Amino acid sequence: MSTMLEKVSCFKTKTKSKGPFESRSSLCSSTSPEKYEVFLSFRGADTRKNFVSFLYKELKAKGIRTFKDDKSLVCGRQIAPEILQAIKGTKIAVVVVSPTYPASYWCLEELVMTLKQEKENVLTVVPIFYEVEPFDLKRQTGKLVEQFKKHERRHSIERVNSWRDALTRLATLSGDCSKSWENDATLVDRITERVSEMLSTVTLSNGVQVSGIWGRGNKGRSALARHVYQNISTNFDAHCFLEDVRRISLYLQEELLSNMKGEGLSTRSSHMCLDAIKARLGNKKILLVANHVDSIEKLEALADEFGWFGPGSRIIIITQDKQLLSSWGVKSVYEVELLRCCEVGKLWRSEAFKQKDDHVDAELSTYRPKNLPDKSEGNCSVQLIDGDGTYNVSGIDHFIKEVKLGECGLSYAVVSIMGPQSSGKSTLLNNLFGTNFMEMDAFKGRSQTTKGIWLARCAGIEPCTLVMDLEGTDGRERGEDDTAFEKQSALFALAISDIVLINMWCHDIGREQAANKPLLKTVFQVMMRLFSPRKTTMLFVIRDKTRTPLENLEPVLREDIQKIWDSVPKPEAHKETPMSDFFNVEVVALSSYEEKEEQFKEQVASLRQRFMHSIAPGGLAGDRRGVIPASGFAFSADQIWRVIKENKDLDLPAHKVMVATVRCEEISNEKFAHFITNEDWRKLDEEVQAGPVSGFGKRLTSILGSCLSEYDGEATFFDEGVRSSKRHQLEEKLLQLVNPAFQDVLGHIRWGMLEKFKASFDKALEIGEGFSSASTTWLKACMDQFDEECAGAIIEQANWDTAKVREKLVRDIEAHVSSVRTSKLSELTSQYETKLHQALSEPVEALLEGASDQTWTTVKKLHGRETETAVSGFSSALAAFDIEEETREKMVKSLQEYSRGVIESKAKEEAGRVLMRMKDRFATIFSNDADSMPRVWTGNEDLRAITKAARSASLKLLSVMAVMRLGDETDNIEKTLTVALLDSTPSKKSITASDPLASSTWDEIPSSRTLITPVHCKSIWRQFKTETEYTVTQAISAQAWLLYSQEANKRGSNWLPPPWAIFALIILGFNEFMTLLRNPLYLGVLFVGFLLLKALWTQLDIPGEFRNGALPGIISISAKFVPTIMNLVKNLAAQGEAPPAANPENRRPSNNTSSSASSSDNPIEHKSASKTD
């Protein structure tokens, strides 16, 4: 059925949403878009040449109509109309999500639209996760993170969020993952079977299609429907063509069953008959054509709702009542124009007449024109306005495409003819212009032949000439009072025609009541309604000319015309305007067609020559200044007719601007839509998204130029102001469309130049080129190349400035240079700080370890020398970085401060080890002689002097480490420490004198220079003395033992008893002495007494007391004797109660010797120690 309807171009489809009777196989005309069952959404770069191609092939093999965009998907900035229409028209969408699918905003937009349809239950989405995991889509992890970051840089947040939601929603739908299948072939089979099952379910529930054929008039529809019926009926299980459904329903049902099954059925109830129809025809594939349906009741009585017909059944309802089809729910409606198109004529000759169908021939006989030209002759006719005043939009559009009027520009003319009914207008036009207008059949009587306004193209006349055949005046069909259509059609003809033919009879010339006078009055009256009308040629054609010469008839005719013009009421502005300002009046006479046919044809052929090149200067056509370009003719005529129908005055100049506005807008939109789908643009945009594109500007300029040139070519004849304005709007839309691609190109160039600068700059630094020169050289080189590449990306139609991108590149490069400079300066600073640390740390440590009067002077000189060397090299290195003087000075100062910090740090570190250093120095001096040789104790050394010298050296170290002395300042710290810690003369100190070390700061020394506070020095000295006391005691003990050993050796060499033994023997006598020897207890008592006496001798310091004289010594000893005795007793008692000491060295009996050595430096301390002992 579709194939046959495609042959009939006078059908037009009213495309609407699908109704309850539509199936997925729709009845369509040649102008209807193809319907699809499955829509494939995929990323071409991943799957077009492999998985999707296999899937598409299998679906096609199953007979499933599948939409697959074979063009590159990443193109314009919005979904192409055909893709959008395909999504809305399919039942199933198979979405193949591949790794780079989310990277394409085109694919994401498709997905959003698809899921929107799915949410509205319009289609079903079948997701296929090809080499991706649904979990990654749902969580949007992995590569999706980077892909969406790129989207966020190019698109709005709202748009990107809608894509995120769509991917998340898709991941929750039930689908197949390719990683779960062994191979792609198995997966393709699975998807194909699944889709096929889903479509089968849809088909079974919606398999009956009801279509309608509607048209005005009472003939033509039936002939066409029967023609279609005869060609497709063999494809159905049962079929029936009901000629007239206006008969009663019971008879209808009988006829239906009879035609379907070949046997009659007589029933008394229509309901019973319906049951019989269901029983016999249920589940069969039926073709039913119902002609002349005039009420819904007839349809209901015929077959209820046809829901019980078998899948694939087709019901065609033919009616004049369009509202009946809408009420019944028929959505697929075909509107039939009256059968006047040349394609229909060709179909008649090739199909209907060849079959010798009497019924069809009878149907078409009234509409068969005489002298029907062949289509190849270039003519074609269409009813422009029907008798009811309805403008045939679809018919004129098809006509213009057929005759290719849009290609003519301003090179066309419009000729119209007016005249009384049955005056031979159509005959004249057919002979004069080779048209195929319907002519009256004289044998069937005189009646209205032309109804409304018909339009045809002349054959063989250049330029392109359109001829309008107006309905005749004075027709009895409209009556005497219905003159509205006559005036409207006359005004319409005058508004759009260059030449108006006035067809009149020769015998009416000079008659007061001639048939043409009302027509002329009508023409002149409506002319007044045109604001600024263009000058029209009015060619009076005198028909059936008699013997009276034309030169005698013409003056009379012109006089009559002038009288009519004078009698017509005129606006105030045109009361004195002559008729010649409005019309060029021409007169021509023709012989009778019926009586003098050959002469008539010769005269017509001569007149035809006048229409050749009619629009040339001096041609037959009148004023051409207000001509509408041919591509806007249909719209202009439609708008003019609307104004006339609404009984408004026509403002032709304003109308010209309005037509230009609408047509230029249409052309602009058409070119914009073509640009979006332009293969070159789509390919270029895809390349841009993939990476840098060479020659982008030249290629895009060419594409845009072609688009704008096409617009200029089609809109060139319209009003210049409107044309330019719409061109500017089109250009802005195109530039707005391509701007993101342009920005992407600039982004690629900027990124490439930035990466090149980084690589080149780093390489230059690696080979030793100066920082400043390297950055300057490569910045200039990269910016020059950037400018060169930007020049190649510039679009000639756009005045886009790349300055912002250039500035951003400069900022990026400067940021990188700054980053590298900071890094290099940090490395350089670290390098010189390391050198300074190495040059100062160990030498300063060595100098401080051997502290002397010149230590800080040497340290200061070392610091100055090394700092100056480092600063010099550092400053030279900084010169290559081209930094500001202030910054350079800060960095140099920072290095100098670091140098000082190294010394301060090392000084503080050494100050923390001062006690250890003091003990080491004390041990060194105390244990070594002047030649630094280990001291050998002979017993003759002056321990007091050695100890004092060692302690003085240690105190010297403490004074040196107490404060830092890197400046020229002087201090008396050494003197203060000596007086407070080393000078032990009691007479020099007052009991009430203040302690100079009882403070946390040194006099006139800032805390920043202080390393060891006075109170800390005192604490260190006390700890130092305590820890070195043992060394001194050991030395004293060693010396005493040495002396004792020497004395013992001397005694050992003598054979005589000791002197005391001899003395005791003499005093006691031999017997008592022997008794004493025999009784050791006596010896113990004597020994204890000796010890007591020795202790008193030591505690009282008897030798010392007698240094100042005998009398002072006796007085002093007598004063201290009793307290000393009491103190000894208490100490002995306390030692007896105390537990024994763990260290046997602490129980040495020679404390008196140690005390005497220690007391040599500080008598006060000696006394305190003695009391403690």
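Backbone N, Cα and C atoms are what each Cβ position is placed from, and that goes for glycine too.
Here is what TrEMBL says about this protein:
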type	residues	note
BINDING	Gly419, Pro420, Gln421, Ser422, Ser423, Gly424, Lys425, Ser426	GTP binding site
COMPBIAS	1136-1162	compositional bias 'Low complexity'
COMPBIAS	1163-1173	compositional bias 'Basic and acidic residues'
DOMAIN	34-199	domain 'TIR'
DOMAIN	409-624	domain 'GB1/RHD3-type G'
REGION	1136-1173	region 'Disordered'
TOPO_DOM	1-1056	topological domain 'Cytoplasmic'
TOPO_DOM	1102-1173	topological domain 'Cytoplasmic'
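Overlay of TrEMBL feature records on the structure.
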{"residue": "Gly424", "record": "GTP binding site", "Cβ contacts under 8 Å, 6 or more apart": "Asn503, Arg543, Tyr593"}
{"residue": "Lys425", "record": "GTP binding site", "Cβ contacts under 8 Å, 6 or more apart": "Ile417, Met418, Gly419, Thr450, Asp469, Leu470, Gly472, Leu501, Asn503"}
{"residue": "Ser426", "record": "GTP binding site", "Cβ contacts under 8 Å, 6 or more apart": "Phe437, Met438, Glu439, Met440, Thr449, Thr450, Asp469"}
*Looking at the binding-site residues Gln421, Ser422, Ser423, which one has the fewest other Cβ atoms within 10 Å of its own Cβ?*
Ser422
*asked:* Within the domain 'GB1/RHD3-type G' (409-624), what mean pLDDT does the predicted structure show?
replied: 79
*Starting from the Cβ of Pro420 (GTP binding site), draw a 10 Å sphere and report how many other Cβ atoms land inside it.*
20
_With every protein chain in view, what's the tally of Cβ atoms within 10 Å of the Cβ of Gly419 (GTP binding site), excluding that atom itself?_
24
